[in-house]
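Down below is the structure, laid out as structure tokens.
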Amino acid sequence: MKPAYFISDLHLSEKHPELTALLLRFLRSSAAGQARAVYILGDLFDFWVGDDEVSELNTSVAREIRKLSDKGVAVFFVRGNRDFLIGQDFCRQAGMTLLPDYSVLDLFGCKTLICHGDTLCTDDRAYQRFRKIVHRKRLQKLFLMLPLKWRTRLAAKIRRVSKMEKQVKPADIMDVNAAFTARQVRAFNAERLIHGHTHREHIHHENGFTRIVLGDWHNDYASILRVDGDGAVFVPLEKY
């Protein structure tokens, strides 16, 4: 049976064209073209201020994902903490299906829970408070009514503050809370969890389930997880 691929945390931006090049290389590969599905679990872009922002980066990425979708490969997207404002307009343009924060998949007989991963980091209370605020639909609607320049400046300011705060936060609170994560997996009656966000690529064998953490993309490295009937494995981009 055809495999499924999982990626996240590419943080694409015009400042790092090498990351976009890595993505295009993967999307154009024969492996991706022969997949049953590709799942993008958030933070595809380093920031997103609205589907109405038209740029060469956004357009080229949407075009290449659409080409893959047009080949019959199902492409799914879960919003991340950087691109949570991606909406149906961009997803339609790219030929992607937008998924909720949590989804359960039947992958070759294994019930698999997928999410971006930021909701699992419950020890970072300041971030969870911030997340709750910015995910209010009314606030998002008001934000998207602002001129694009204002939104871009505000997003840049928020990123600067977030970067400074991250430098002084203890590393452990920026990882998933083990007890909460286990409860979520049990609540969805899953056998496996796949998430991103923490940038700590690894396959963990927890008590009663497997937790797979997708890594971030940087320089010449792309974190790509292949799932098929034999299990799940990270495969270097050179293999595609």
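Numbering starts at 1 and runs along the chain as displayed.
Glycine too: its Cβ is placed from the backbone N, Cα and C atoms.
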The Mn(2+) 2 site in Swiss-Prot includes Asp43, Asn81, His197. Which of His16, His116 is also listed there? His116
From candidates His199, His202, His204, Swiss-Prot puts in the same Mn(2+) 1 site as Asp9, His11, Asp43 the residue His199
Residue among Asp124, Asp230 sharing the substrate site, where Swiss-Prot lists Asn81, Arg82, Ser162, Lys166, Lys169, His197 as binders: Asp124
Same chain, |i - j| six or more, Cβ under 8 Å of Asp43 (Mn(2+) 1 binding site); the result in sequence order is Ser8, Asp9, Leu10, His11, Gly80, Asn81, Arg82, Asp83, His116, Gly196, His197, Asp216
Considering the binding-site residues Asp9, Asp124, which residue's Cβ sits among the greatest number of other Cβ atoms within 10 Å? Asp9
On the Cα atoms of Asn81, Arg82, Asp124, Ser162, Lys166, Lys169, His197, which are listed as binding substrate, what is the maximum pairwise distance in Å? 18
Let me spell it out: for each of the binding-site residues (His11, Arg82, Lys166), count the other Cβ atoms within 10 Å of that residue's Cβ, using every protein chain shown. Which one has the most? Arg82
List nothing but the one residue from Lys169, His197, His199 whose Cβ has the fewest other Cβ atoms within 10 Å; the candidates are the binding-site residues. Lys169
